[in-house]
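What TrEMBL records for 318-387 is domain 'ACT'.
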Amino acid sequence: MFQYKCLNPISQTGLGLFGEEYKQTEELNDADAILVRSAKMHDMEIPENVKVIARAGAGVNNVPVEQCAENGIVVFNTPGANANGVKELVLAGMLLASRDIVGGIEWVAHEEDKEHIDKLAEKQKKQFAGCEISGKKLGIIGLGAIGAMVANSATHLGMEVYGYDPFISIDAAWNLSRTIKHSKSLDEIYSQCDYITIHVPLTDNTRKMIDKEAFTKMKEGVVLLNFARDLLVDEEALIEALDSGKVKKYVTDFANPLVAGRPGILVTPHLGASTAESEENCAVMAVKEVRDFLENGNIKNSVNFPNCDMGTCIAVGRITICHKNIPNMISQFTKILGSEGLNIADMTNKSRGSYAYTIIDLESAASKEALDELKAIEGVSKVRVIK
Ligand SMILES: NC(=O)c1ccc[n+]([C@@H]2O[C@H](COP(=O)([O-])OP(=O)(O)OC[C@H]3O[C@@H](n4cnc5c(N)ncnc54)[C@H](O)[C@@H]3O)[C@@H](O)[C@H]2O)c1
Ligand SMILES: O=C(O)[C@H](O)COP(=O)(O)O
């Protein structure tokens, strides 16, 4: 029996896939797995019983990913599972920034009791007029799951699309429409584009990447869209750029005291992934990842350990080891298993940065002595018996 704890509401369509071998718990001290959306985990004490954390979504800046790696806790996210939901809101954001749709709707609501509202509307509508997005230049920073979808959809809406992503994945590159211009520098995006949208993860390298200097390079009257994370933009500098007219509109999915209620800024309350479809996709992917990890020891879509998959165990026993990516680890594992008389049927070892993961199938069940010896190796953070 495995137990899981949800730190945020997670779609039942996903949780329903856990099956009878799983039980939901409120006690962190009983949980093998944690499922989370945006709950902040940096100040949480994560007990040793927790083996896996699945972020039902893309951004993992709310999870102490590095500390988890150090402690042998595998962290997953659900790449692409909510990308379409965000893409649709970005397209809506571009349209809302181009025409005063919100102002117009608010005007009608305010004047609803006027008998001649129809005539009044015809007189007043010019104050809500705007421009079309077709024919305008859109710059996309980050061409991952969301950025690539926004790029392709925007070309279908008649926009001229520029994309910038020095680390683009091969999959994302294959999926991009050939009409998208490959920008080799952010300066090209800033100097050319009428609309700029950012779709990169928040890391130490990307924090405040849109800063004062970036604004000086942008076109007069640019529209900036941020459905990634508020801390990617220096919002103090943004407000100066709005006041000077350099930025016409800022559309952001992240409410904070600086942007809420400020003229020229359209703020949604982190709604990008809040669709039934995205919530289900994320929950289903997260639960599948957790199950494959807990039941088979396999890793797919981790953000702190390498992908590592040996399928379902057909040998007598399987153990998994989270460890540091340093020399002499495998030889120590095999030496201990050999000296305990345990024959290895199959084995795989993969590394990612400073961390590595090993799956070992055995022809007989691992003894307590062997497991204790493996756990005692310096650089080993977790040893699990799968079978
Ligand atoms: N508003 C929401 O509800 C919502 C929903 C999903 C994701 N997000 C945010 O959007 C981000 C992107 O999501 P995704 O699913 O597209 O992720 P992704 O990992 O598929 O794509 C991110 C892309 O950014 C690129 N990148 C990284 N650093 C870069 C840099 N300095 N310059 C240019 N490109 C860079 C990567 O190469 C990658 O292609 C997430 O990390 C999350 O913060 C927000
Ligand atoms: O990174 C993400 O996936 C989004 O920001 C969605 O967050 P949410 O799951 O809290 O809506």
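Using the three backbone atoms N, Cα and C, a Cβ is placed for every residue, glycine included.
Since we're looking at a predicted model, the values are computed, not measured.
In this model, the domain 'ACT' (318-387) carries an average pLDDT of 97.
In the domain 'ACT' (318-387), helix, strand and coil residues by DSSP number 19 helix, 30 strand, 21 coil.
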